[in-house]
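Here it is, the structure, as C-alpha cells.
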C-alpha cells in the first residue's frame, strides 16, 4: 500500500477514536465511530484476496447495523428526553438499544458471531488493529453508560466469558482462537465495569499488551494455524521457549502479568457479594486456559514431521522489527510485582 494512503487511513483511525473520546453529543460520538470504521475497511481489503474481501464485507455489515441502531436509539432518546448529551440521564429503552449496538461493535456475546469469521480473513497486522485499537471508542461510550443498565452488562459479561472459552476449544486456526480469546477477555472487563471502571481500564491495557505480543509472535513465525507452530523451534528457539509463557499469561496464570486483572476482578466481585458470578467467571477461564495450553503444547512439545532432527541447517535473515515484540513480551510476563502500586493508584 502507498505510504501516503496508509498514513491517511491510520490518521483516520486516530481521528475517529479521538472524536468519540472527546464527544459529549451522541451525533459526534456516532460520527467518530463511523470514521474509524471507514478508515479500517481499506486496510482489511488491501490484499484483494477473496477471504479478505469477504471478511471486510461482513465487518462492514456488522458495523453498519450497529451504527444504524446507535443512531436510531440516540434519536429516539432525543425525542423522548429533549437532549443529546451523553452524560445526561437516558430513557431506559434507547439506553438498552445503545448498549446492544456497542456490544455488537466490540463483539460481545451473544452478538459475537461476526468476530471470528472476520478476524480469520485478515492478515495478522490488520487483525491486531481490529483486536485492540478498534475497541477503544465503543469502550469509552460503554464506560459512560455502565451505571444505566447494570443487569444487561452483567448478563453479557457472563455469557462472553463462557462463549469465549467454549468457542475456542475445537479451533485450529490461530486467528479464530485469538478472536474467542478477545470475547472472553471482554467478558471479564464488562463484568467489573459497573463496580470499578479503573479496573476495567487496567484489564483492557493488559489485554492490549498481551494480544499485541501474541499477534507479533505469530507474524514473526509466519504462523496461521496450530500445525505451523510445530516448526517454530527451527526459526527462533529462544522465542519458542518464551511463547508458552505468553499463552499462559493470556490464560491468567500466576506469576505472569495476565493474572493481575483476573485476580483483582474476582476480588472485587467477591466484595460486591457476587460470589456466583465470580465462580462462574473463574470456571469459564479454565476453558480458555485449555486452548492456551494446547497452543503451548503444539509450539514446544511437538515436532513437525518435515523438520530435520539436527539443528537448523540454514536461516533466512529476519527483516522484521523485533524490538516491539521484546518490549511487549517483557510487559506480558513481568508486571505482576507492580500489583500493589497499581491498586494504590486505582484507589486515588
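Cβ atoms are placed via backbone N, Cα and C, with glycine included.
On a predicted model such as this, the values are computed, not experimentally measured, just so you know.
Below are the features I grabbed from TrEMBL:
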type	residues	note
DOMAIN	23-287	domain 'NADH:quinone oxidoreductase/Mrp antiporter transmembrane'
TRANSMEM	60-81	transmembrane segment
TRANSMEM	93-115	transmembrane segment
TRANSMEM	151-170	transmembrane segment
TRANSMEM	201-218	transmembrane segment
TRANSMEM	239-257	transmembrane segment
TRANSMEM	277-295	transmembrane segment
DOMAIN	289-340	domain 'NADH dehydrogenase subunit 2 C-terminal'
TRANSMEM	316-338	transmembrane segment
For the transmembrane segment (277-295) and the transmembrane segment (201-218), decide whether they are in contact, meaning at least 3 CB pairs lie under 8 A, counting pairs 6 or more apart in sequence.
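Contact between the transmembrane segment (277-295) and the transmembrane segment (201-218): absent.
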To what whole number does the mean pLDDT across the domain 'NADH dehydrogenase subunit 2 C-terminal' (289-340) round?
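Average per-residue pLDDT within the domain 'NADH dehydrogenase subunit 2 C-terminal' (289-340): 77.
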